[in-house]
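One structure, pasted below without further comment.
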Amino acid sequence: MSALNSILGIVVLLLIAFVLSNNRKAISFRTVIGALVLQVGIGAIILYWETGRKGLLAAAEGVSKVISYGNDGISFLFGGLVSDKMFEVFGGGGFVFALKVLPPIIFFSALISVLYYLGIMQIVIRILGGALQKVLGTSKSESMSAAANIFVGQTEAPLLVKPYIKSMTNSELFAVMCGGLASVAGAVMIGYAGMGVPLPYLIAASFMAAPGGLLFAKILHPQSEQFKDELSDDDIEEKPSNVIEAAAVGAFSGMQLAMNVGAMLLAFIALIAMLNGFIGGVSSFIGYENVRYNHYSVMYSNL
């Protein structure tokens, strides 16, 4: 009965995506079937094959370890403001988003810029993106971005395919955004494991989200334009003269991205707070107390 409910849920979700698709005739059934088969295969490897599970977990931990090196630069700049002492003094208030979440974007951007300069990222995209492309029929760049979301967050993943973004089609851009929202970063996954969530299920969900995000992205906004898998001279910015310049250029780009993320969060959280105040004021006037926009968000999220 449990398996039947799961299959029914998958069918219903696919039907909903099909109904909401902006171009049903362009939907590639190769992508749909390939992504479903890939998800089942990944789930089987993680849940029923111990060696496969350990290998994928090691990969996730390895990427998290690389990203954690950015903490040295953050500690150098902000000192005690990012130490564990802040939690002892302020409790939950010791977590400062602007100091803990945004600075790693700068480090990651610099790292990716160096890897592009050395030609390493091009090889990774050719291999990993090419493998997914052969199975799903998607472009290498959007496939690589989807795979990257297994290990890094939705802000860092697009940095891996940054030179390709300029020439991406609307469908590819939608797939990049959809992949980010469909998954969690490896570091977050490990954090959930520390809270007691069974690790095998977390690993399975994280890795299965990559083809799952592409699956729904390509149903909702299927590819109807010709995509480019190779970079042209127009797509490539002026190449840095050395590794140091590549790191500096990447850091500057990362800083701009981090500032944009911070500005958007500040603005939209403030706007939602204002909306809460407006709804609360109107509801109090007509006799309903403590009504907030958040209440409607929770209510409709269950539909």
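Backbone N, Cα and C define each Cβ position, glycine as well.
Pulled these features from TrEMBL for this protein:
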- 6-22: transmembrane segment (TRANSMEM)
- 8-81: domain 'Concentrative nucleoside transporter N-terminal' (DOMAIN)
- 29-49: transmembrane segment (TRANSMEM)
- 95-118: transmembrane segment (TRANSMEM)
- 98-196: domain 'Nucleoside transporter/FeoB GTPase Gate' (DOMAIN)
- 173-193: transmembrane segment (TRANSMEM)
- 199-220: transmembrane segment (TRANSMEM)
- 201-291: domain 'Concentrative nucleoside transporter C-terminal' (DOMAIN)
- 265-288: transmembrane segment (TRANSMEM)
Hey, which bits of the same chain come close to the transmembrane segment (199-220), Cβ under 8 Å, at least six residues off its ends?
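Counting only partners 6 or more residues beyond its ends, the transmembrane segment (199-220) has Cβ contacts under 8 Å with 13-14, 17-18, 20-22, 27-28, 31-32, 34-36, 38-39, 42-43, 46-47, 53, 56-57, 60, 132, 136, 138, 142-143, 146-147, 149-150, 171, 174-175, 178-184, 186, 189, 192-193.
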Can you break down the domain 'Concentrative nucleoside transporter N-terminal' (8-81) into helix, strand and coil residue counts using DSSP?
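Residue counts in helix, strand and coil order: 67 helix, 0 strand, 7 coil.
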